[in-house]
Each structure stands twice: as C-alpha cells, then as structure tokens.
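Q: Got these off Swiss-Prot a minute ago, pasting:
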- ARG19, HIS131, THR353: substrate binding site (BINDING)
- GLY106, TYR107, SER177, HIS205, THR236: pyridoxal 5'-phosphate binding site (BINDING)
- LYS239: N6-(pyridoxal phosphate)lysine (MOD_RES)
Amino acid sequence: MLADLSEALRERQQEGLYRSRPVLEGPQSPHVTIDGRDFLAFCSNDYLGLANHPALIEAAAEGARCYGVGSGASHLISGHFRAHHELEEALAAFVGLPRTLLFSTGYMANMAVVTALAGRGDAIFADRLNHASLNDAALLSRARFIRYPHLDLDTLARQLETTKARRRLVVTDAVFSMDGDMAPVAELLTLCQRFDAWLLLDDAHGFGVLGERGKGSLYHSQRIERDTPYLIYMATLGKAAGVSGAFVAAQAPVVETLIQHGRTYGYTTAAPPLLAHTLLTSLQLISQESWRRERLALLIERLRQRLHSLPWPLLLSETPIQPLLVGESQEAVRLDLALRERGIWVPAIRPPTVPQGMARLRISLSAVHTEADVDRLGAALRDLAQC
C-alpha cells in the first residue's frame with residue numbers, strides 16, 4: 001500500500017501539482033520570514049492587516065488571563081464561555097440578523113448548515129466555483145447535489161422551477177476565493193424567495209472588507225433584503241478579522257436547529273474563549289477603522305494599473321483577491337519560483353483547487369501593504385514577462 005502511495009505522490013510531483021508547507025518564523029505580515037529567508041508576501045487573507053495588531057495581541061493576553069487557554073469541552077457541555085456568548089451577540093448586531101452561532105472554522109460552519117438542513121429527498125443547488133467546504137457538505141448530506149454554471153442565474157432558476165425536492169438550499173460563495181468576483185446576492189435572494197429555497201451565503205472573503213463599516217457582502221448593495229427567513233449567512237473570523245473561527249447568522253429557528261443537529265458544532269471542543277475575547281476587539285477595529293478598506297481600494301487600483309499590460313490576464317475583481325491567470329500548472333510554478341528568487345512570495349494555485357488549464361498566481365492584498373510593495377511586484381512580473 002505504501003508503494004502505491006509513493007507512486008501517486010511521484011506522479012503528482014511530475015504534473016507540477018505537489019504541495020509543500022512553507023514555515024513562517026514570525027507573525028503574519030506583508031514582510032515575512034519563510035524557511036530562514038525574508039520575503040515580500042502577497043498571499044495571506046489578512047486583508048485588513050489585523051493579525052499582528054497590538055490591540056489584538058493585548059486582548060488575547062487579557063483573554064488568556066481571564067479564561068485560560070483552552071475551553072475544555074464542547075459548547076453543549078461546559079465549553080460555552082461568556083466571551084463566546086458576547087461575541088455571538090455582537091456579531092448578530094453587526095450584521096443585522098437575529099442570531100449567530102460560533103464555529104471553529106468556516107469549513108465546519110458550512111458542514112453544519114448543509115447537513116442539518118438538507119438530507120435525502122432534498123436538493124442542494126451550488127455554483128460550480130464554490131469553495132470545497134460547500135461541495136463536501138452537499139455530498140455528505142445525501143441530498144441531491146445539483147451544480148449550475150458560474151453565476152448563471154437563468155440555469156439556476158430552471159433547476160429550482162423543475163425540482164420536486166422537499167427542501168431546497170442554494171449555496172454560494174459571496175466572494176469567490178480563487179477568482180475574486182462576487183455573487184449577485186440580491187438576485188439570488190429574489191430567486192430563493194420565489195422558489196421557497198434557503199440561500200446559504202459564504203462570505204469568508206467579504207466580511208470585514210465589503211459594505212458599510214465592513215459588514216460584508218450583505219451591505220455591498222442597497223438592494224439586498226436582509227430581513228428574510230430565506231437568508232443564512234456564514235462568515236469567517238480568520239481572514240479580515242485577523243484571528244480565527246467562523247459564525248453563522250440567521251433567523252432564530254435556523255440557529256436553534258444548528259445547535260440541536262449541527263454535528264460539527266456539538267461533537268467538537270469549543271474554540272478557546274480567549275479567541276472570542278480577542279475578536280470583540282477585532283470587531284471594533286473593523287467597524288471603526290474605515291481607512292483600512294479605503295487603503296485597500298487604492299492598492300487594488302494601483303496593482304491593476306501596474307499589471308494591465310502583462311501577457312497573463314488579470315481576472316476582473318474589485319476585491320483584495322487579484323488572480324493573474326497563467327494557464328498551465330508548470331508555467332505557474334515557474335513564475336512562482338522566479339518570484340521567490342526575487343524575494344517575493346506569491347504561491348501558484350493549481351488543480352484541483354482551480355480547473356485544469358486555469359492555474360494562476362492568486363495575488364492578495366492587505367491594507368498594510370505599501371505602494372512601494374505593489375510597485376515592486378509589478379516590476380518583477382513585467383521583468384519575468386520578458387524572459
């Protein structure tokens with residue numbers, strides 16, 4: 001059996017698909033030390049630059065002094081601390097939905113929602129470019145799993161119209177993690193209301209970045225109706241929020257159903273309460289420091305100007321995710337390694353994370369990048385385009 005595994009690993013390496021784990025030797029930042037070398041990095045999801053913020057470091061220390069470093073039990077036994085409860089209430093008020101429920105990861109949050117609400121006899125409708133967690137959850141639920149072409153609402157409408165399923169659940173990324181484009185949330189909600197379907201919106205990459213005071217994709221457009229029983233909202237707390245975890249926001253009966261039937265909620269140790277305590281401070285910074293989002297917008301515009309004439313197209317995106325489409329995996333890896341030689345870290349994204357022939361450099365920006373950082377990346381890529 002080990003020989004089979006070794007052969008499969010060799011084949012993966014020959015195809016340019018082998019993955020390895022870089023080891024960071026300091027805090028998350030645009031300037032990092034990896035395996036003993038200093039790099040300018042454009043690959044983290046720390047969009048607002050909060051992961052190493054002094055106020056969050058102090059809040060984490062305060063949380064540890066108050067609650068210790070481990071929760072010791074699941075939320076349903078004795079692992080639900082005051083800090084968890086206060087954060088859930090603060091998040092509900094922030095996103096404007098009645099209730100929220102904390103999870104250790106976005107993957108676990110999506111898994112809980114989909115498997116608790118859908119099963120045999122039900123149907124799940126999914127955008128073809130959704131995150132793996134939504135796909136895995138749909139498969140595990142044993143509901144009928146129906147995918148529609150990326151952002152193709154006409155096809156989705158036909159699928160919803162013809163289904164005989166007992167329950168219908170539409171699942172989609174709000175901001176697509178590998179393309180940086182956004183789902184038409186208002187139109188999706190209208191469809192779901194028309195066909196009596198829930199909409200699970202995964203806003204992992206929009207929360208903190210988009211909308212009024214960073215409230216996320218629900219606030220990116222004035223046309224989005226948030227006071228509806230059809231909406232289920234998920235966002236993560238380890239990206240723009242700079243810490244760790246995730247939450248689901250919805251009407252009270254949905255949240256109570258997740259508490260009763262969400263297996264990834266009830267059958268796991270709760271996240272340390274010190275993280276929830278830290279996230280209360282993070283939420284204040286997200287809400288109050290609008291300059292971070294304003295700066296991100298300026299950096300996004302600057303990057304797109306610097307890269308517009310390259311032979312590799314930059315996909316359309318107004319978010320911090322700026323994918324440079326390369327094509328073949330080997331070419332993406334070549335660019336990745338050539339940038340590393342120049343002290344710049346932008347890992348290649350290859351299948352199966354993206355479709356075959358769609359390998360790319362996923363450039364992600366942070367509010368704490370500088371104009372000089374962006375210019376340096378642009379100059380390096382223009383130089384490589386001549387090679």
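Think of each number as a place in line: the chain as shown, counted from 1.
Note that Cβ sites are derived from N, Cα and C of the backbone, with glycine treated the same way.
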Q: Sort out for me which one of ARG19, HIS131 has the most neighbouring CB atoms within 10 A, since those are the binding-site residues we care about.
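A: Top count of Cβ atoms within 10 Å goes to HIS131.
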Q: Do you know which of the binding-site residues SER177, THR236, THR353 has the most other C-beta atoms within 10 angstroms of its C-beta?
A: THR236
Q: Run through the Cβ atoms and count how many others sit within 10 Å of the one on the residue listed as 'N6-(pyridoxal phosphate)lysine'.
A: 28
Q: In three-state terms from DSSP, label SER177 (pyridoxal 5'-phosphate binding site) for me.
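A: DSSP assigns SER177 (pyridoxal 5'-phosphate binding site) to coil.
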Q: Long-range neighbours only, meaning 6 or more apart in sequence with Cβ under 8 Å: which ones does TYR107 (pyridoxal 5'-phosphate binding site) have?
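A: Those within reach of TYR107 (pyridoxal 5'-phosphate binding site), by Cβ under 8 Å and sequence separation of 6 or more, are SER133, ASP136.
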Q: Taking DSSP as the reference, which of helix, strand or coil describes HIS131 (substrate binding site)?
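A: Coil, per DSSP.
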Q: Under 8 Å Cβ to Cβ from GLY106 (pyridoxal 5'-phosphate binding site), same chain, six or more residues apart: give me those in sequence order, or none if nothing qualifies.
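A: GLY106 (pyridoxal 5'-phosphate binding site) has long-range Cβ partners HIS131, SER133, ASP202, ALA204, MET234, ALA235, THR236, GLY238, ALA246.
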Q: How long is the line from the C-alpha of ARG19 (substrate binding site) to the C-alpha of SER177 (pyridoxal 5'-phosphate binding site), rounded to the nearest angstrom?
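A: Roughly 18 Å, rounded to the nearest whole number.
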Q: State, in Å as a whole number, the widest CA to CA span among the pyridoxal 5'-phosphate-binding residues GLY106, TYR107, SER177, HIS205, THR236 given in the record.
A: 13
Q: So if I draw a 10 Å sphere around the Cβ of HIS205 (pyridoxal 5'-phosphate binding site), how many other Cβ atoms end up inside it?
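A: I count 28 other Cβ atoms within 10 Å of it.
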Q: How many Å separate the Cα atoms of THR353 (substrate binding site) and HIS205 (pyridoxal 5'-phosphate binding site)?
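A: Counting only the Cα atoms, the answer is 16 Å.
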